């Protein structure tokens, strides 16, 4: 299985993602720099977390307007699987590849801790190896993770089952509407989420709850 990791100035979780994907697939991901206007044939494209371009203007605003993001858009339109984690999620929202926006945490503080997620929709290419209602552990590390969307769009998302993960058991770290932690687009091939599943893929690193997300996306057997 071939994977690609998008690299932008200020993204600092690319190495974490590379280690995770390499560990799961046995194949080292391709790194795609910001100035690239094409992306080779791959099965999954990942935009990792960090602080692209120093979060100037808005988190993800500059990153969403780079040549490589246009290439990501073109691949996504062809049905290629795309995952945006944390700042990657912010970039996907700024690029209008996903609905809604991410605002400053209601605490006005950077939040870095382990939280619990509820699997809301287990019938997606990202969650098929989980069970609906399953509670999983995952870390968060962000300052602007407060997801917001207007009521009309929220209803459409709920009707379309686009909400994949929610913060569970009063663990919402940022004030996100309806405790939303991860969503997909209508076509179901783009996932954006604030938590970092790439950090929970080995038992020695606090657990393996994040591993199934990548195995699901890559259609790898659960094992």
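Just so it is clear, glycine is given a Cβ too, placed from its N, Cα and C backbone atoms.
It should be emphasised that the depicted structure is a prediction, and the values quoted were computed from it without experimental measurement.
Listed in Swiss-Prot for this protein:
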ACT_SITE  86  active site, nucleophile
ACT_SITE  196  active site
ACT_SITE  198  active site
DOMAIN    2-223  domain 'Glutamine amidotransferase type-1'
Here the Cα-Cα span from residue 198 (active site) to the residue listed as 'active site, nucleophile', rounded to a whole number of angstrom, reaches 11
For residue 198 (active site), the number of neighbouring Cβ atoms whose distance to its own Cβ is within 10 Å equals 28
In chain order, residues whose C-beta lies under 8 angstroms from the C-beta of residue 196 (active site), counting only those at least six residues away in the same chain, are 13, 16, 49, 85, 86, 138, 139, 140, 141, 210
Averaging pLDDT over all residues of the domain 'Glutamine amidotransferase type-1' (2-223) gives 95
Three-class DSSP assignment, residue 196 (active site), comes back as coil
Taking all protein chains shown into account, the Cβ-based neighbour count within 10 Å for residue 86 (active site, nucleophile) is 28
